[in-house]
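Asks: The annotation domain 'Kinesin motor' is assigned in TrEMBL to 1-121. If you look up TrEMBL, you'll see 15, 16, 17, 18, 19, 20, 21, 22 marked as ATP binding site.
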């Protein structure tokens, strides 16, 4: 996993309405029916736990946005109902201006944020 070498990671799904993007990404909240995101997040925190040392510090931040009809919405900040703007930083590359980035320390933190974001969809 390149993220353990200091790279940022983005998981992105694109396609028509009803094509199965949400199901592929999130799956069902049943044992063995998890989607890509829950599986990767569980594996991420297992790897962090297994690779803990005094020399290495891990930082995990989560954002959750929806792009629909060319409008970008922050699903973790319901107060921000406007259309967020996609920008490009000359060194860091593309980013979404004013998008929430929340620090997490466990898969349960991410699971709770996914539930919160899903309510805003």
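First residue shown is number 1, and so on along the chain.
Glycine is no exception: its Cβ is also placed from the backbone N, Cα and C atoms.
Annotations in TrEMBL come from automatic prediction, not curation.
If you look at the structure here, what lies around each of the features I listed?
Replies: Long-range C-beta contacts of residue 18 (ATP binding site), restricted to its own chain and to partners at least six residues apart, with a cutoff below 8 Å, are absent.
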Asks: Using a 10 Å radius around each Cβ and counting other Cβ atoms from all shown chains, which of the binding-site residues 16, 17, 22 yields the largest count?
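Replies: Of the binding-site residues 16, 17, 22, the most buried by Cβ count within 10 Å is 22.
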Asks: When the number of other CB atoms within 10 A of each residue's CB is tallied over all shown chains, which of the binding-site residues 15, 21 has the maximum?
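Replies: Of 15, 21, the one with the most crowded Cβ is 21.
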Asks: Three-state secondary structure of residue 19 (ATP binding site) from DSSP?
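Replies: The three-state answer is coil.
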